[in-house]
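Report on one structure; see the data block that follows.
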Amino acid sequence: MPLEKLCGIALIVIGAVSLVKLEELREISDEYNVVAPSILLIVFGSIVFVISFFGCCGAIRESYCMTSTYSFFLILLVIAQIVIAVLVFVFVGDVTTAMKKGFERVFENRDNPVNADLINSIQQNLECCGKRSFLDYGVNFPQSCCSSGGTAPLCVPFASGCLSRLSEFLDSAGNIVAWVSLGVAAVELVGLISACCLANAIRNQQRRSGY
């Protein structure tokens, strides 16, 4: 059961980190909720952490009811996490395409101060410049494009364009979220089997004892 607690903490941490990193990308496109998997990981991690106490208490008190309840919730969580992982693998390409199109729209309207701030934030965080390169700005790229010290446009700009960096970042984030979800589901599956065996042993003992 302590292992399930650690899995719950891992889900919460991974979900929180990915949520922070993906938060600003929500403003690029409203076609997909890019932070939904991260939020679900945090929710599932919290649930795993809480219900692990059912398993601990059920094992300590040798309670068939609590152990069975723990097993039931674990089944639901394992199924839910597998579904999330599959959906991330299936839709990460579509989400990436939508985000890249959204960035292109925002970039074309970069005269808008809100869009300019969003572009600057993305360029700084992803270490990129322009759509495909700093040449998209002509000769006057912003300070957020600078890869080293100096003042734009006299500094050295980031070599990569933001469209390619967006694609790499989203693919990487999607793979991390999906594989972590599957990995934790595998650990929970082992815990589920152990809990079912324990519940069966408790029930058999109660039958022999005449309860």
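Quick reminder: no glycine exception, Cβ is built from N, Cα and C everywhere.
Because the structure is a prediction, the values reported are computed rather than measured.
Among CYS128, CYS129, CYS145, CYS196, the one TrEMBL lists as the disulfide partner of CYS162 is CYS128. A gap of 9 Å separates the Cα atoms of CYS128 (disulfide bond) and CYS146 (disulfide bond).
It is 13 Å from the Cα atom of CYS146 (disulfide bond) to that of CYS162 (disulfide bond). Long-range neighbours of CYS129 (disulfide bond) (same chain, six or more residues apart, CB within less than 8 Å of its CB): GLN123, ASP136, TYR137, PHE141, SER144, CYS145, PRO157, PHE158, ALA159, SER160, GLY161, CYS162.
For the disulfide-bonded residues given as CYS128, CYS146, CYS162, the lowest number of other CB atoms within 10 Å of the residue's CB is seen at CYS146.
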